[in-house]
Amino acid sequence: MWASLFYFSVCLGTDMKLALPSSLENHYEMLRLLYTGCQVVHGNLEITHLQGSPDLSFLQGIVEVQGYVLIAHVSVRSVPLENLRIIRGSQLYNSSYALAVHNNIHHSQTGLGLREIRLRSLTEILLGGVYIWGNPQLCFPRNINWEDTVTKVENKPLHLQDIPKNCELTSRELCLHTSDCFMLTSVQCSSGCLRCKGPKPNDCCHVQCAAGCTGPKDTDCLACRHFNDSGTCKDNCPPPNIYDPNTFQSKPNKDKKFSFGATCVKQCPHNYLAMEVACTMVCPKANMEVITDDVDGQKTQKCEKCEGECPKVCYGLGMGNLQGVSVVDATNIAMFVGCEKIYGRYLYIDAWPDNLPDLSVFENLKIIRGRMLYKGVFSLGVQSLPIESLGLRSLSSVSGGIVLIHNNSRLCYTSSLPWNALLHPTQGPNLISNNNQDQQTCGKICDPLCADAGCWGPGPSQCVSCLNYKRGTECVEQCNVLQGSVREFVDGLNCVSCHPECKPVNDSASCTGTGPEHCTECLHFQDGDVCVDRCPSGVKEEQHTVWKYFNATGHCLPCETNCTVSPGTTVAVTVGGVLLFIILLALLVFYLRRQKQHKRKETMRRILQEHELVEPLTPSGAVPNQAQMRILKETELKKLRVLGSGAFGTVYKGIWAPDGENIKIPVAIKVLRENTSPKANKEILDEAYVMAGVASPYVCRLLGICLTSTVQLVTQLMPYGCLLDYVRENQDRIGSQYLLNWCVQIAKGMSYLEDVRLVHRDLAARNVLVKNPNHVKITDFGLARLLDIDEKEYHADGGKVPIKWMALESILHRKFTHQSDVWSYGVTVWELMTFGMKPYDQIPAREIPDLLERGDRLPQPFNCTEDVYMIMVKCWMIDPDSRPRFKELVEEFSLMSRDPARYVVILNDDQKSLSSPVDSEFFRTLLAEEGGNVKELLDAEEYLVPQPGGIFNTQGEMRANGPSRHHSHRSTDQGLEVDGMPNGRDLYSSLSTLGQSPYQSLPVRASANGMWPGTQYPSLVRSISHRSAGGQSDSVFVDGYIEDNGPPSSPCRYSKDPTIPNVTDGELETDGPVSFLSHTLPRGAHTQPGE
């Protein structure tokens, strides 16, 4: 398997490493076939598994090895490589060594072993190191200087064994008998020489030389460092184009050559693909393999760039989409369906089903290229299979590699095959066939219809060539020229079928060729010289339409100008006309019916419009919103001073004096700025709509609205301010009982909002107002949205939002639900438990989403037990459905509030009380501003909730049946009774400053002008109300007990829980950075008394 290149013969090496792909006998035969007459090995020289005394003289001619040299598991006395000059190391053994000699242990029976390697001519190893180890009988001269042989030896691995003692004499004899033993060509050179023939300066070799030289020129090299161009060592082969300095253009180079290994060749050797500058075995990406015909009739295989995408091809194992796949199995065999050409390497089979007697699945295989070989050796391997014949009936060429047919105990028919014709002539005798069934005992011969060339198996379809004729793939005795249902004609030795329009003729040939024009007689009609199944009728040819009819003899003749149509044509026209008429009639009927329906609809629409039934009824089942919106006059309102201002308006502290009544009610008035956008007016009206419709003791309501040029919202004035400032100012006096009760009340308020389908969107401690220490309310509905009856979530458009209080889905997707309010509730509870600390303090808002997605949450407050903190954590679950509902939160915090010290740990909790806190700056300012008019002020709830006992007259006096503006059942003397708190008197002293109302109230059984008849109370004090502006009730009670015979005008005045169903009144308080109006001042912003 070699080719002549100038004065060198090239052969392919192997890639088996230490494997033994066949028997020892076949292995030796394989080496002999590969390297006989070879001088340059393209690949690796692997000499392994040799025993006894085989003739290895075929190795003596090897001069150069492109890859590595491996000598292993050899027990012969010597390996004759005395002419090997250079090992290039393009491939390395174990990725490190260019020369490896190891594990050559002597044979246990013969006692022989490897004793010498004749490498006296080896003077250069370009890449890789040397490994000589595990050779107990190997002898070689001590004076080998590997630094001279191995290029840049300091960077190459050298592993050398010690020389056995019994080898010393032999080594001396080798050197004494060989004058040029291990000639030095590098270390003795003068400065600047890579290689030389002696120590003198004029002994230097040319820079392109390798392994030494005989003179100073590039033609005197023993081997070339880069490329050998017809005996001249060069850095590159002649390129395909050269530059013409006269025309300043590049032109084709008539002396161009291809790079083939380290040699420049005019043409690529057989079985190699020619690229622009080199010979290759596999086309690169974006190229495809083509075969072209040269001028001299030779075929050239080369790679050409694809125009656009390359055509889809079937790849074999280890190529394309089967890269890294080494075996065909059930997972990938379907990829070969329909493939006619497989871009693969070889066909090697070492396993086969017992029920298949041959390889007929490859019966259409024609050519095995063998560019890349199995183990670097075999192009076709059939070994140890239970087959009886090969069945490769279409195989006509094996272009490269060795064919191995070995150890197939039932295989016959192999000896008769013409292997010399199948294998390429330049590849030499490349067949190893042995240990198959003996042909004399096989008893099977080729079919009698096969020629002497042999056969691939039994039957006339397996012949290599036919004795007589061949029909398709089967040999026949004669062709059906004169008889048979399908007549044939003879084309050389092939039987070819006549055209189907040819009429079988008895005792005569029916055709002389394959086309319909070669018929002797026509089966149907004849149109000119061509047999057809019918004469052309209406067929367009060039610029006109052809109409023909047949005569009595079956010939097609053209119609004359006045030619009448045939009966068939008449019938076709008639049927077509009838069908067209039916279709048109159906369309007309359809159109008339549609017009009639349209007219009926117009009539019905006119009748409905006449009766004013414009829209159809679509009841939703929703409960009507019967909330009352109170419209106030601007003359009834008096603004006293500014409480705060925002981007869109200002909040004033003011007085509401209803027309016709001698009373004053303290209120907060939100006023939009002048020239405010229509959007801001719409938003404040939306807020008014939401606040007017709520009715819960834990949610603020609207008192009224004034529709002046700038819209004004009127809400109850609550001087205690927001819960956030309240816990910050009084954290030293707040116990666990208050914290948990506030959590309960906020949860009840949010549960009510969920029942009425209202999403708050801005729940925080700053948006919870303190009516009194026992009673808090949720406020600020600037961002709240009511859901329709069929809605479950609200998607916001944009604007500023409180990022650090929002759920993750609200931040990322602007999606707000009741469960997103649960998240905000958890943050609000955290604010209370930390006494007003800022959540995620020192963390920018833009980093909050990433922080939440990583699983980070607010830390556990120092005074919270795990039970309380786990409720917060549940509120902060990523999945909204995993968070608790507000009703569940009410139940859990109600249970905790009955035993507060168990769940919230506060130092000296049992001693803390809110009974005597200091008045806020704002509260003292309010008292100072009112001065002597405090008694004229009336709480909003006392005015808005009338009692059945009596009414005011126009002078503000009471009628005989009692006071008209007395307390409702929701302004209690005891305050709000909550879980764990029997009544408000246990928490506050009745004499504290917070227990004194700045507004006028009436004693029990008293009228405007005097006392009611009945028992006189010796000591009257004010109670703490859960609904009044200052946190107080306007009624009084006996300090110590209350009589059963109270006035009938105050029924149910000591209600235990303000969440009873008949709640009707409420106030409005808003605060926080998100709302654009607020009447609650921030800390430190209250006006001092007297300013």
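Quick reminder: no glycine exception, Cβ is built from N, Cα and C everywhere.
Taken straight from TrEMBL:
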ACT_SITE  D762  active site, proton acceptor
BINDING   L643, G644, S645, G646, A647, F648, G649, T650, V651, K670  ATP binding site
DOMAIN    637-895  domain 'Protein kinase'
REGION    959-981  region 'Disordered'
REGION    1043-1091  region 'Disordered'
TRANSMEM  571-592  transmembrane segment
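Shown on the structure are the features that TrEMBL records.
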{"residue": "L643", "record": "ATP binding site", "Cβ neighbours (10 Å)": "23"}
{"residue": "S645", "record": "ATP binding site", "Cβ neighbours (10 Å)": "15"}
{"residue": "G649", "record": "ATP binding site", "Cβ neighbours (10 Å)": "23"}
{"residue": "V651", "record": "ATP binding site", "Cβ neighbours (10 Å)": "25"}
{"residue": "D762", "record": "active site, proton acceptor", "Cβ neighbours (10 Å)": "25"}
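Counting in whole angstrom, L643 (ATP binding site) lies 21 from D762 (active site, proton acceptor) by their C-alpha atoms. Taken residue by residue with DSSP, D762 (active site, proton acceptor) is part of neither helix nor strand, so it is coil.
Separating the Cα atoms of V651 (ATP binding site) and the residue listed as 'active site, proton acceptor' is a whole-number distance of 19 Å. You'll find the Cα of D762 (active site, proton acceptor) roughly 19 Å from the Cα of G649 (ATP binding site).
Summed and averaged per residue, pLDDT over the domain 'Protein kinase' (637-895) gives 86.
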